[in-house]
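Annotated features in TrEMBL:
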TRANSMEM  36-58  transmembrane segment
TRANSMEM  78-96  transmembrane segment
TRANSMEM  102-120  transmembrane segment
TRANSMEM  187-205  transmembrane segment
TRANSMEM  212-236  transmembrane segment
TRANSMEM  256-280  transmembrane segment
TRANSMEM  292-315  transmembrane segment
TRANSMEM  321-339  transmembrane segment
REGION    371-401  region 'Disordered'
């Protein structure tokens, strides 16, 4: 997931885009109704991938299929994350300064088209499985690429899918073409929600301490790059990709053709979201039929995001959302644990114990195999990594009788 690390860097690199762009631009004065609708819609959309992604992360952590296992973030990974994110952000800043913004965004559009189709397909798969009747002729397929022969044969790609997955891919491809040609805000949001949900579901913190390290580091990262320099703002304004949720403030006046958007970066959703998902898995591990820590952190996120919007709207200045989200999402559950006398138990919980020992870590590259979910995660990881290749599995020859 050195891969998933880099894509989350890109996601978090748009935090200022999310927070700054929530302000109405100087060219357009939003009505109170339009502003309230835009802010409310952004908060609602931000809650969807966190809530459902956290629920799906519980199922994902219990998967017995190694190809569908989540990516685990360790303490060392969390400590390096802000440094990687800063290097990625500054690298993008230099790219936009040196090269033509038009060509860079064209390449990014094509790249995120592929990722978005896979992510949206993965998001839709459980829904499609419920929609299709049992009598639906669901055939199984396998796409296999190997290298070498005999004992030296190595598996490069082993992609298993079925007819339902193909339907999801076709629908997702239609949305992808729509986004590629029109850059419509609804298509952007469909991809953005899919990216966020996949991130919350498939990226697992191994314990609460790791979560505190990650959120604390990105707290400093966010504050520095928003208040200390113009790098994040420059990249956010130049970066055209579905890595943010948008909602028009002039929707009431112009309908679906509205063009003055309030925005929220996916980093402000995924980063707190994976911590909230960890607390849900901790709730499940307690086996008390209670979701106290999940609901307290979920409410804390709502409070933190609402406070961000309030401060930004009051002072008319960009605000790093993690400045408010991190203290809220970490502080509320810790206070609850202190009151219940479970603080030690919470910090000693290891999420990796709920997962098979074969669970991949952030520093490794997953093999491209299994369902569309694993393909989306693996393709993301492999393609975003620099100078490395995916881990390959060696095929054992089948003995002949």
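All positions are counted from 1 along the displayed chain.
Glycine too: its Cβ is placed from the backbone N, Cα and C atoms.
Tallying C-beta pairs under 8 angstroms between the transmembrane segment (36-58) and each of 78-96, 102-120, 292-315, 321-339 places 292-315 first. Among the listed stretches 102-120, 187-205, 212-236, 292-315, the one sharing the most Cβ pairs under 8 Å with the transmembrane segment (256-280) is 187-205. Sequence-distant contacts of the transmembrane segment (187-205) (same chain, six or more residues past either end, CB-CB distance under 8 Å): 1, 4, 8, 11, 45-46, 48-50, 52-54, 56-57, 60-61, 70-73, 78, 112, 115-116, 119-120, 122-123, 175-176, 178-179, 211, 214, 242-247, 266, 269-270, 273-278, 281, 351-352, 355, 373, 376-377. Recorded stretches compared: 78-96, 102-120, 212-236, 292-315; the one with the most Cβ pairs under 8 Å to the transmembrane segment (321-339) is 292-315.
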